[in-house]
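All remarks here apply to the structure that follows.
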Amino acid sequence: MESQDGTIALTGQIGLIWKQTKAPLLVSFLKVVVVVCLAMSVMLFVERVYMGIVIVFLRLLGRKPKKMYKWEAIKDDVELGNSSYPMVLIQIPMYNEKEVYQLSIGAACGLSWPADRIIIQVLDDSTDRAIKSMVEQECKRWASKGINIKYEIRDNRNGYKAGALKEGMKHSYVNQCDYVAIFDADFQPEPDFLYRTIPFLINNPEIALVQARWKFVNSDECLMTRMQEMSLDYHFIVEQEVGSSTYAFFGFNGTAGVWRISALNEAGGWKDRTTVEDMDLAVRASLKGWKFVYVGNLKVKNELPSTFKAYRYQQHRWSCGPANLFKKMAIEIIRNRKVSLWKKFYVIYSFFFVRKIVAHIVTFVFYCVVLPTTVFVPEVQVPKWGAVYIPSIITLLNAVGTPRSLHLVMFWILFENVMSLHRTKATFIGLLEAGRVNEWVVTEKLGDALKAKSGAKAPKRTHIRMGERLHLLELGVGAYLFFCGCYDMGFGKNRYFIFLFLQSMAFFIAGFGYVGTFVPTS
């Protein structure tokens, strides 16, 4: 009896302490966080609506790159011959790309352009000797067919992709080139790619970059690749289009684009200070007054990461890098005198702050932390417009980029919330320049490897280590959301439990590794 009385007394003391601290500390703090999150939600909402309005006007007015800029097809000159064509350098950086190296090299060698006016440069940073040998033999095979292809290697991987591209530009034969087209190892441009991009650069001396759109060859491979397609289609169809049409600025996607070499050099060339060397170059070139053109109807085939591990690494790099670059360049952008005040505002506020920082943080902090926590604190109310209406409109605006996947919107919301955990963590790492700020893990490309492995006879049992599939962060967040859902269903008044249960299940599925494809290692 005495022990029971002691337990009851202890429980009463804990309850009293909770009541005394909740009002002055937790409630006040949570109210402030809710206000901040609502403000960030409004920022994101206004940004999405603005871009939606711009896209509608662009479609109605029929404003296409060929109408906005001078574009004339390159014509053969009998007297000048092939010298009427500018010299073009094609750069293909790669690192242990066993499954896809033949695709990119073959596509580059198949580009329609006079053979004596093009140089294909394969920049191989592979550490696997067998793969290195295969890439070199592939280059020799094309060279034997009369293709002007150079196989370049270096002694180290300093600067990763940026370092490889920078070294590639130092070769003497590059001096005769006017433009450089860059394709990652899984990209396959169509033969007419140069004929559709180079005229923009020839006829408009103020243009530094022509960017093409990505076309995903494996978007139907699994549900995760469909989710990626929805996010990236919005990026290309809306964000890139708006930036190109209104401010002649957008972030270079690192591949499937053509640069004017003189503009690239004037901007300071490739730098490896962040993991987004492509965005870094684009911002610096823009501050020099150069313009960019996005050609949305020109698509280049490529591959989406289909394993959860590869996608997590990619999203870390894509979230950490921009935040880190923003920290490094914000003052430089403000002090710049070559671009207009409006363009500086667009780059700092819209391009960087809202899209690269606010979008990641508010998604996770508000919908996966703050909103669930309010079920324990009824004194803190989140208005319906902030909890339901704004996120619903933002979701619909994001989904219009991929009409064929509208029925998957609910899955996309849950998946994006899961990924916002890693994006938020990476954003803070970039802003604070913490441990993994310069971590570069090359996104794994599977090519036809998965089909080959799944199609082969497989009597052997594949041994999967549980540690390879378990992700503790996702499991921890999933457990917290599930607990919040149970409490809300039993004691709360917010009726968030349906969302909380669904979102917790999404985190659990990701936490146990049942997202994307799983490639057997044996």
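Note: Cβ is positioned from N, Cα and C throughout, glycine not excepted.
What TrEMBL says about a protein is an automatic prediction, not a curated fact.
Copied over from TrEMBL:
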- 32-61: transmembrane segment (TRANSMEM)
- 179-371: domain 'Glycosyltransferase 2-like' (DOMAIN)
- 345-367: transmembrane segment (TRANSMEM)
- 387-415: transmembrane segment (TRANSMEM)
- 470-490: transmembrane segment (TRANSMEM)
- 496-519: transmembrane segment (TRANSMEM)
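Against the transmembrane segment (32-61), stretch 387-415 has more CB pairs under 8 A than any other of 387-415, 470-490, 496-519. Sequence-distant contacts of the transmembrane segment (496-519), counting only residues of its own chain at least 6 positions beyond either end whose CB sits under 8 Å from a CB of the stretch, comprise 221-225, 305-308, 311, 367-368, 371-372, 374-375, 387, 410, 414-415, 417-418, 421, 446, 449-450, 453, 464, 468-475, 477-479, 481-482, 484-486, 488-489.
Residues 368, 372-373, 375-376, 418, 421-422, 496-497, 500-501, 503-508, 510-513 of the same chain sit 6 or more residues outside the transmembrane segment (470-490) yet have a Cβ under 8 Å from a Cβ within it. Here the domain 'Glycosyltransferase 2-like' (179-371) has a mean pLDDT of 95 out of 100.
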